[in-house]
Amino acid sequence: MAEEQACLVRARSDSESSSKLGSFGSISRTMTYTEDRLTGTEGAGEPGNVANTTVNPPEQIPDGNESGELLDYNDSSVLEQFHEDALRQAGCGLSQARVLLAVTLAIAGSSLELSAIPFVLPSAEIELCILPHEKNWLVLISLVGGSLGAVGWGALGERLGRRRTLLSCLAVNAVFAAIAAFMPTYGTFMMARFCSAIGSGGTVAVGYTYCGEWFGRAQRRRALALPAAGMGAGALLAAALAHAALPDTGAAALKENKEHFSAWHRYLLLCTLPIIASLISLIWTQESPRYLLDVGREVDAMMVYQNIHSSNQIRICGKANVAAAGGDSEYRLGELSLPGKRRPPALHHVRHSVKMFWQAFFQLFSSPYRSTTISLGGILLFSMAIQYYLSSYVPAMVLKTDSEEFEASKRLVVNESFVNEHYNETLENVEYVEVAFRDCTFRDMIISHVEFDNCTFTNVSFSNIMSSYTTFKECNFVNSTIIDTDMEVGRELRACALAGSVVRGMRGGCARRADLRSRLAPLRREQAHAARAALLAAAAALLPYPRRLRIRPAVFLCAACILLSPTLYVAQDETTLYIVEAAFRFFLTLIFYNVGLDVVDSYPANLRCTAHGLILSVAYMGGAVVKGMGELGVILSCVLCGLFAIAANALSLYKR
């Protein structure tokens with residue numbers, strides 16, 4: 001069978017080419033390319049549409065700018081076609097599987113880090129004395145850190161390389177996530193979580209590009225479905241680890257908090273396992289050959305293609321390459337001369353890097369990419385706003401329902417007397433009015449949501465008591481002892497008279513009171529429903545998409561979210577709320593997946609990480625704003641989600 005070749009249009013200078021030729025072998029200056037691809041004909045890049053055409057180098061080479069960067073935009077399309085042809089000939093197998101596994105683990109770890117926050121709050125707020133208004137800041141600081149990390153690591157992905165940048169952001173994420181598990185105060189814990197979020201913020205932007213560049217267009221759509229599934233897998237793993245490692249109720253968390261290294265610290269360490277696994281798996285991967293071509297390291301790129309071919313004896317997708325089909329196992333990628341980019345002098349390298357760093361952002365809003373950037377950014381912004389709002393709205397509605405049921409079940413005791421009673425089990429949700437306790441003991445127990453109004457305690461002993469939302473109003477203590485409790489005069493003991501009573505051994509309580517009604521079971525169920533929906537969406541992404549349909553996938557998905565918005569009004573019970581949120585998550589995951597796929601397909605190699613990082617940064621910031629709004633009620637929630645979906649739908653039509 002005839003040997004397939006890829007095409008390029010420009011040769012290096014004699015001095016530069018000679019040095020490259022000496023290290024790689026003889027490379028001819030005759031090049032072929034897929035003509036249909038360059039002219040935009042449908043079906044370009046497929047094995048049956050390859051036209052061998054001889055192209056002579058252009059007579060004049062653009063001078064470029066003062067930094068020495070060539071501004072020949074034809075290079076991007078030519079290198080992209082060369083990359084497609086090279087991957088097609090090298091095949092799809094074990095090499096791509098390694099990259100896919102590493103990126104999926106990285107994204108699963110990033111999702112796990114964010115999903116773990118609601119599970120650690122009931123325990124962390126007790127130990128770190130977190131006030132009620134401070135609890136939401138743990139999520140907000142993670143979103144802000146993720147926003148900064150996405151835009152920063154995304155831009156660095158164009159300068160340092162995909163693999164090196166992914167290694168860096170994963171290392172930052174893992175180190176500070178582990179440090180957060182040992183922080184003794186709320187401030188230091190917040191700072192460690194913020195730094196960890198900065199690291200995890202770059203995982204998706206760089207990981208999607210890195211993974212996408214290892215697959216040709218024919219396999220890219222299905223390959224990127226697995227990293228999308230990693231998001232659902234991370235959320236599902238967070239719920240599973242919480243069930244295995246964390247106390248299920250607030251009362252159990254309060255008792256377990258006495259340990260030196262309590263369960264929520266161990267839980268945070270377990271959450272770093274996917275990140276560490278991703279770091280280890282990246283040892284067996286290489287840099288993206290498309291990036292190496294873009295920065296002029298063509299010999300390194302050719303060696304990567306050679307390694308891909310030699311490693312792909314085990315195939316996971318695609319067909320055998322042309323050479324192998326002809327009985328020749330040697331990889332024959334054509335003897336090629338690759339156009340490279342002249343590098344700036346060493347003394348100007350820093351200035352050049354900073355300049356290109358900022359120019360990349362401005363280029364995203366230049367005329368060729370402006371509509372794409374605005375469209376994809378707006379779609380992801382408003383779709384993620386729906387997701388983050390629902391992540392606040394649904395738990396708030398479930399908690400409101402539970403609180404109403406809890407208040408309705410409160411037991412009222414009026415004008416009774418208890419003599420020689422001994423209490424050593426949890427006392428919860430009771431109101432005592434004008435009740436007399438004589439010769440009673442309250443020992444080694446938890447008193448939660450109990451009110452004592454105008455009660456009398458005579459010869460009563462309180463010892464080793466942990467309380468939650470318990471108050472003594474205008475009570476009389478006669479010859480009683482309150483020893484080794486967390487109840488304080490002026491907080492739990494309000495306007496009480498102490499006659500011959502002893503109050504000592506008080507533990508210095510927090511400025512807040514722990515709510516022992518908190519339960520992790522509803523949170524686990526919510527996460528499980530949403531995670532399964534995300535996994536189902538990733539599976540749906542593998543289904544064939546009819547290309548002849550004029551409607552874009554994002555238009556259909558946003559329209560589905562518009563139709564789902566009114567269902568929030570009829571969803572009143574816990575199970576229905578979880579099902580509605582899971583339905584939203586199904587379509588939102590598909591939107592997230594399609595945006596990531598469009599970024600890889602729509603932008604040149606030198607803008608992909610920057611574009612995805614900027615788009616994610618805006619989405620995270622929007623999520624932080626919506627998360628901080630709190631719950632707005634049923635009707636306003638329906639209207640808000642509907643408006644977000646309409647805005648996302650309008651912007652999906654804006655893309656050219």
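Every residue gets a Cβ built from N, Cα and C, even glycine.
Note: TrEMBL annotation is automatic and uncurated.
The model shown is predicted, which means the values in this text are computed figures rather than measured ones.
Of the candidate ranges 190-211, 344-365, TrEMBL annotates residues 190-211 with the feature transmembrane segment. Counting Cβ pairs under 8 Å that are 6 or more residues apart, the transmembrane segment (190-211) and the transmembrane segment (137-156) reach 3 or more and are in contact. For the transmembrane segment (577-597), the most Cβ-contacting stretch among 97-117, 137-156, 223-246, 553-571, 632-654 is 553-571 (pairs under 8 Å). Here the transmembrane segment (632-654) has long-range neighbours at 371, 374-375, 378-379, 381-383, 385-386, 389-390, 393, 397, 552, 554-555, 558-559, 561-562, 564-566, 568-569, 584, 591, meaning same-chain residues at least 6 beyond its ends whose C-beta is under 8 angstroms from one of its own.
At the 8 Å Cβ threshold, with sequence separation of at least 6, the transmembrane segment (165-184) comes into contact with the transmembrane segment (266-284) through 3 or more pairs.
Among 97-117, 137-156, 223-246, 553-571, 609-626, 97-117 has the largest number of CB pairs under 8 A with the transmembrane segment (266-284). Only sequence-distant pairs (6 or more apart) were considered; of these, at least three Cβ pairs between the transmembrane segment (609-626) and the transmembrane segment (137-156) are under 8 A, so the stretches are in contact. Taking Cβ pairs closer than 8 Å, the transmembrane segment (97-117) reaches residues 138-139, 142, 146, 166, 170, 173, 177, 196-197, 200, 203-204, 207-208, 210-211, 214, 223, 226-227, 229-235, 237-239, 241-242, 267-268, 271-275, 277-278, 281-282, 284-285, 314, 316, 527 in its own chain, all 6 or more past its ends.
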